[in-house]
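Asker: Please find one structure pasted underneath; my questions will follow.
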Amino acid sequence: MSPSRPGFSCSWLPYLLVLPQLAITAIFFLWPAGEALWYSVQTLDPFGLSSEFVGLSNFIQLFQDEYYLASFYTTLIFSALVAGIGLNVSLFLAAMVDYVLRGSRLYQTLLILPYAVAPAVAAVLWIFLFDPGLGLITHALAKLGYSWNHAQNSGQAMFLVVLASVWKQISYNFLFFLAALQSIPKSLVEAAAIDGAGPVRRFFNLVLPLISPVSFFLLVVNLVYAFFDTFPVIDAATGGGPVQATTTLIYKIYREGFAGLDLSSSAAQSVILMLLVIGLTVIQFRFVERKVRY
């Protein structure tokens, strides 16, 4: 006699339970995405009161705009730097804390603190340190013979926003990496050491494959963070300058949509950014996930 399968007394109850989540998805994702897609094929006046269907004209104009193509390239470079540097530094810090026996709680607390700081505040903090006239780091660099002014030097401006963005995200990555490292059975590491594997070999051949699911998850999260959540950092630190050197796609959407009131162009840029993020996510799940060991 097989046990009875548990179920709901009312056939409509499962749909009622998922209704709030479906409503949130429809209101905050599907509806805005649909409106952006519709506006991207229209020409709207600055107040959105009149429109004219223009098809793919907005997209064609974007890819003929050298400033938009430059922001596209800037976004790719910026995202790769933020995700790559952030993940590697966070993993290194988590590995160091995992090996520390005394005072590990203190190290964990200090490394988690930046996560409580708002992105705009993090940007202001680094601006104070790198201020051309009053910054402590600027004065230290001047004594070494290096002149710093991120308001005039595009490379320095990019360095500043990458540094602030990475510093803000390190705490989030650190928490996941540390939890993954501490979940590895010590017996496996000890067995590898007994077999003659050194610390470096144990880390790359044993530890790194075991935490690959967490690494893959953080890779996706950090790319999304670099594409979207770094907007306050860029806005507070450089305002997209100098000469649009730090203008990413999300910041260009804001500048043209909210500051320039070019709703059609900003909608088309939003659609392109959405497709870009979806494409990168699909590529990661299609190819990168193959190397993940669950």
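Cβ atoms here come from the backbone N, Cα and C positions, even for glycine.
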Asker: If we trust Swiss-Prot, are ARG105 and ARG286 on matching sides of the membrane?
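Answerer: Yes, same side.
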Asker: Which sequence-distant residues neighbour the topological domain 'Periplasmic' (131-157)? Criterion: at least 6 residues beyond either end, Cβ under 8 Å.
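Answerer: For the topological domain 'Periplasmic' (131-157), the far contacts come to 237-238, 241-243, 245-246.
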Asker: Using a Cβ cut-off under 8 Å, which residues of the same chain at least 6 positions beyond either end of the transmembrane segment (263-283) come close to it?
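Answerer: Residues packing against the transmembrane segment (263-283) from afar: 33, 35-40, 42-44, 46, 48, 54, 58-59, 61-62, 68, 220, 223-224, 227, 249-250, 252-254, 256-257.
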Asker: Would the transmembrane segment (12-32) count as touching the transmembrane segment (110-130), i.e. at least 3 C-beta pairs under 8 angstroms with sequence separation of 6+?
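Answerer: Stretch pair does not touch.
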Asker: Using a Cβ-Cβ cut-off of under 8 Å, list the residues of the same chain that are 6+ residues beyond the ends of the topological domain 'Periplasmic' (229-262) and lie near it.
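Answerer: Distal contacts: 46-47, 67-68, 70-72, 74-75, 78, 82, 118-120, 122-124, 126-127, 150-155, 157-158, 160-161, 164-165, 168, 269-270, 272-273, 276.
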Asker: Looking at the topological domain 'Periplasmic' (131-157) alone, can you tell me the average pLDDT?
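Answerer: The average pLDDT of the model in the topological domain 'Periplasmic' (131-157) works out to 91.
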